[in-house]
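As structure tokens, the structure follows; a few thoughts come after it.
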């Protein structure tokens with residue numbers, strides 16, 4: 001089976017808008033996002049009043065030079081870091097202002113994350129790695145594993161679910177990471193250089209998979225990448241430069 005082969009949806013279907021979310025409400029909205037860091041005794045402002053909107057099912061690429069603040073922006077949008085100014089709304093509801101415990105709950109239910117390095121736990125099987133967010137959510141082990149198996153089938157790894165990360169190829173490990181990001185049926189997946197550690201052929205297959213899953217499941221993706229060819233396949237391309245986002249396409 002190729003890296004881009006998807007199996008039938010079966011019981012797995014991601015949700016984009018939660019109950020009570022008005023039609024047309026952006027999945028993710030950042031307004032006036034500002035972030036500063038101390039560097040060499042100086043305040044460095046990496047985000048300067050950034051505005052960004054992501055709609056349901058939309059694929060948005062963020063490009064820019066190394067150190068321009070792309071990962072910082074992704075962390076702020078995902079509630080992993082707090083902005084110095086501005087706010088983030090998730091599914092039309094305040095996200096930045098939530099207390100950390102409540103924000104963690106909302107993040108677990110509405111967002112997925114994929115990183116350059118897969119961050120899979122080496123002692124656990126692919127199935128148990130993917131099931132972990134559902135166990136954190138409070139599902140029983142059998143129920144969490146059933147959800148995990150369904151999404152592994154969706155990414156073409158149903159037959160590899162009992163393998164540990166060390167027994168999988170680089171592309172397979174990243175597909176497991178994508179499955180883990182999707183198992184909770186998030187409205188949006190935030191991906192930080194998800195193909196950065198892969199060769200060109202494998203990277204292309206993983207990228208194809210993410211775009212196809214976005215199309216078939218209606219999940220929004222925000223993808224930070226240095227690969228302009230891959231970025232060009234998204235619905236929009238935004239460039240982060242001098243702390244501001246500029247729309248390139």
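Including glycine, each Cβ sits where the backbone N, Cα and C put it.
In three-state terms derived from DSSP, residue 67 (ATP binding site) belongs to neither a helical nor a strand segment and is classed as coil. In this chain, no residue six or more apart from residue 67 (ATP binding site) has a CB-CB distance below 8 Å. The feature ATP binding site is assigned by Swiss-Prot to 64, 65, 66, 67, 68, 69, 70, 71, with sequence analysis given as support.
Mean pLDDT for the domain 'ABC transporter' (28-249) in this predicted model: 90. What Swiss-Prot lists as domain 'ABC transporter' is 28-249.
Marked as region 'Disordered' by Swiss-Prot: 1-23.
Put plainly, the binding-site residues 64, 69 were compared by Cβ crowding within 10 Å, and the winner is 69. The Cβ neighbour count for residue 70 (ATP binding site), using a 10 Å radius over every protein chain in view, is 23. The number of other Cβ atoms within 10 Å of the Cβ belonging to residue 68 (ATP binding site), over all protein chains shown, comes to 18.
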